[in-house]
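Features as listed in TrEMBL:
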| type | residues | note |
| --- | --- | --- |
| TRANSMEM | 58-78 | transmembrane segment |
| TRANSMEM | 90-114 | transmembrane segment |
| TRANSMEM | 135-161 | transmembrane segment |
| TRANSMEM | 181-198 | transmembrane segment |
| TRANSMEM | 210-232 | transmembrane segment |
| TRANSMEM | 259-276 | transmembrane segment |
Amino acid sequence: MAGKMQDEDVRVGVDHFPERQPIGTAAGDLDRDYREPPPAPIFEASDLSSWSFYRAGIAEFVATFLFLYVTVLTVMGVSRSPSKCATVGIQGIAWAFGAAIFALVYCTAGVSGGHINPAVTFGLFLARKLSLPRALYYAVMQCLGAMCGAGVVKAFGAAAYEAAGGGANAVAAGYTKGDGLGAEIVGTFVLVYVVFSATDAKRSARDSHVPVLAPLPIGFAVFLVHLATIPITGTGINPARSLGAAIIYDRPHGWHGHWIFWVGPLTGAALAALYHQVIIRAIPFKAAASDSTHY
């Protein structure tokens, strides 16, 4: 009997549980009888006349504002100290980024999905989880929030802010631009892949004996990537975070190689979306098989 059940589990696999879960929500709150949702339309006119659409953008703005405020202040505190032993150090910076994402994704998941990152938005758009207008709106609001967050930090003390490099991303001495680009691609791949995995309702249904709070692994992924890549690029993996810091810092150092912090994260997000949707979930193949039943 156990052998038959095991064979059935292998044959059915995770595709026995179609998903119906937005980013950041708990699978335990949904029915176990999942249906694969239709892809989001490229353009959804009803979005533009819906208050929930604009409310979601405001939530992304506020969350990214708070994200930059907390994290850039942490970077300033470490940079100003004459001894790293007297501060939280690189590990503390990584914890600040990861914990901020955990808290802010938890707060905004039910309103906007808790992206707080144009690369995450881009990956989810490629997976047809949201429309193009919503993706563009989110990205604009995230960038504006990042600029305002860094701007408030600079207002606290421009001299200290500039002495700390404004929290701007740049490839560290001893590394090439190719090294920095590779670090950003792989780092963002890790983040966006974790976002897809942590919010996959099929996986949560199959492994329902292991409760997963989606913001927790997402925040932990940000922490791990920062530990690995702070010495290389200061860790971007978020174009809004890099743009906001560069604009407010407004020094050549902040703009040198800035393209890396857009091309790297967007490429990593696209690869993560492709890997999860095509390899892990095999959604395009399932869709083709479903269409063939009509002939």
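Backbone N, Cα and C atoms are what each Cβ position is placed from, and that goes for glycine too.
Where the annotation comes from TrEMBL, it is an automatic prediction and has not been curated.
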Assess whether the transmembrane segment (58-78) lies in contact with the transmembrane segment (210-232), where contact requires at least three Cβ pairs under 8 Å among residues 6 or more apart in sequence.
no
Under 8 Å, at least 3 Cβ pairs, sequence separation 6 or more: does that hold for the transmembrane segment (90-114) versus the transmembrane segment (181-198)?
no
